[in-house]
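Asks: Here's a structure for you.
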Amino acid sequence: MSTAAAIPQSRPLSDSEVEGPVLKKPRLDKEILVEEKAATPDALETVLKEDSEVVVPLEDAQPRHGKVAKHKKKKRKEPPLPEPCSAADVLYQEIRALLGEDVVDEVTKSGGAFQPPFEYGEELVVKIENIGSGGSGIALAPQEKGPWAVVVPFALSGETARVRIVKSDRMHSIATPLEILTKNAELRNDSRVQCKYFGSCGGCQYQMLSGETQLNLKRDVIIRAFKIYSKLPESSVPEIGSTVESPLVYAYRTKITPHFERPPKWAKKNEVKPGEQPPWLKIGFNMTSSNSTMDIEECPISTPILNERYKSDRKDIIQNIFSYKKGVSLMYRDSLDPSFDAEKMMSPPIDKLSEAFTRHVCITDQKGSAREMVGDYLFEYNAGGFFQNNNSVLPLLVDYVRDLISTMEYPATSGHPTHLVDTYCGAGLFAISLASAFNKVAGIELSQSSIKSAKRNAKLNSIPDEKISFLSGEAQNIFAAVKDFPADKTVVVIDPPRKGCDDLFLKQLLQFRPSTVVYISCNVHTQARDVGVIVRETEKDDEGRRYKLESLRGFDLFPQTAHVESAALLRLY
Ligand SMILES: C[S@@+](CC[C@H](N)C(=O)[O-])C[C@H]1O[C@@H](n2cnc3c(N)ncnc32)[C@H](O)[C@@H]1O
C-alpha cells in the first residue's frame, strides 16, 4: 500500500520561479475546481454557497445607498492604490475608463471609493459593458446606486445576468453570476466547455468561447495595455498582429501545482472511513474570486500524463491525510523520459521518432530533471524551475522571433546583427534556439540552477563554448560582461518575470543601446510600461538615435484563459 511519504511534498514556488500568468500569488498554475457541472446557474449557485463561507467582504465596506457626495461616515484611511501594472491596477484602470476618470476621482475625493452601494450577498441584474483584461465581464451598477462597477466572471459583453455580490473593493464589487438572462449568442456556446469545473475554477475564463474569439480578446488586451501603460502616442504603436494560435488548446499545460491543507484540528481520524474523502479535504486549485481551495480531480488543459499521476496521488493523499501535519503544494511536470541518455539522443543520426523523443513521464520532484524538445533543440531543466508551460506553441514563438530578426532590413552601415544577448534566459531557450543566426551569444539569469541547465543545454545542442556563454546574476550585470559586443550589431532579448524589468536594467540597456530589442512577456502590462520607457527615454535625447516599436504580437500560450504572451520588437534609428 502506498503511504503519504510517497506523495511529493513541495515548498511554494519562489518569486524567481514564477512563470506565465499569475495574478495574486506567484503560483501561476492554481486552476480551481468545484464538483458541479460547467457554468450552469445551478452549479454557480452551489459554488456561491461554498464561496460565501470564505469570501469576506472588505472590512471597511459599508453599504453606500444613494449618491456620491453624501458621506457622513467618519472617513477611514483608504488602502493605497494598487501596485501599478498589477492585476488589481489593470482592473482599476478599466473601471476608471468605464465610469469616467473625473467621476471616479470625485467619488474618491469624497471618501466613497470603498463604500459599495450593495450589501454582501445582494442579488441584482446587470448588463455587461465589456470584458476586462482579466477575462471577467464588467458592468455598471444600476443608475440609482451611483457610479460603481460590478465585475462578473464568466459573463460576456452585451449579456444581462442575475448576479450576487460576493466581495467589494475600490469602486467595484465582484459578483457571482447566478443566471445569464440574455446571452451573447454570437460569442457564447456553452457546449464548447470541456471541464466540469469551469465556471467555478479560477484557472480558465474562456472555455465557452471559440478559439477565434479568444485570440481576438487577447489582441484587445495588448491594444489596451499599450494605450494605458506605454504612455506612447497612438502613432508610436504599430498595428498589432493577430494572436498566434496554440496548436493544442486543451491538454497543453506541462506543469501544475495543486495543493491541499492538513486536516483541521477538530477532525477525528476515527470518524473518517478509510479511503473515503472527508468533506473538509479539498485537493486542487483556487476557486474563482476567492483564495479557497476547490476539490478538483482533473484539469483538461493539462497534459494527460499529469492528470493520470495526479489522480492516482489523490487516492494516496485521501488514504493518508491524517499523516500530514502541514499543507502541501504538489508539483507535476510533464517531461520526456529522463532515463534516456541525453548526449546519445542528440548525437547524429537523431531519431526523433524513437522512444527517447516520444515517451513522456510525470516528474514530481522539484529538484528532479525534466526535459523537452523545442523544435530541433533539447532542453533540460530543474522540474521545479522555470520553463514555459505550453510546449506545443513554443516552436512558433521561437521561429517568429528568429524570422523577425533575420528578415528585417538593416542599415548598410551596421549590416545584419551578429551578436545576441538573452537576458532573463532561464535554461537558455532563446539563446540556444537562436544561436545559429549569430556569431556570439551571451545569456544571463538569476537562478543558478537554470544557468547550470543553460550551459548543459548549449553542450547538448552542440553549440561551441567559444560561441556561447552564460552568466548567473541580476540581468543588468550582463552589460558589463558584453562590453566587446558591438551594440549596433547586437540583438537583446528580454523575457523577464511578470513584474517586468527594473529601472537599473532599463538604464543599462539604454546605455548599451543595442540595434534591436525583442521583448517577450507573459505580462503585457509591464511590457507596455517598459517598452514605453525605452522609446520615450531615447526621444528625450535630441541628438541621439531613437527606438521605434516596430512590431507587436500576441501568442496564445494559455488557451482557455485570459492570459496572453506578447512579443515586441524595437529597432534603433
Ligand atoms: C519568464 S522567465 C523566462 C525564461 C526564459 N527566457 C524562457 O523562456 O524559458 C523569467 C526568468 O527570469 C529570471 N529572473 C527573475 N528575475 C531576474 C533578474 N533580476 N535577473 C535575471 N534573471 C531574473 C527567472 O528566474 C526566470 O527564469
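Any Cβ shown, glycine's included, is placed from N, Cα and C.
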Asks: TrEMBL lists region 'Disordered' for one of the ranges 1-22, 243-264, 441-462; which is that range?
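Replies: Within the set 1-22, 243-264, 441-462, TrEMBL attaches region 'Disordered' to 1-22.
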Asks: Besides Tyr424, Glu445, Asp495, which of Gln366, Gln388, Gln511 does TrEMBL list for that S-adenosyl-L-methionine site?
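Replies: The one candidate that TrEMBL places in that S-adenosyl-L-methionine site: Gln388.
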Asks: The domain 'TRAM' (117-179): mean pLDDT?
Replies: 97
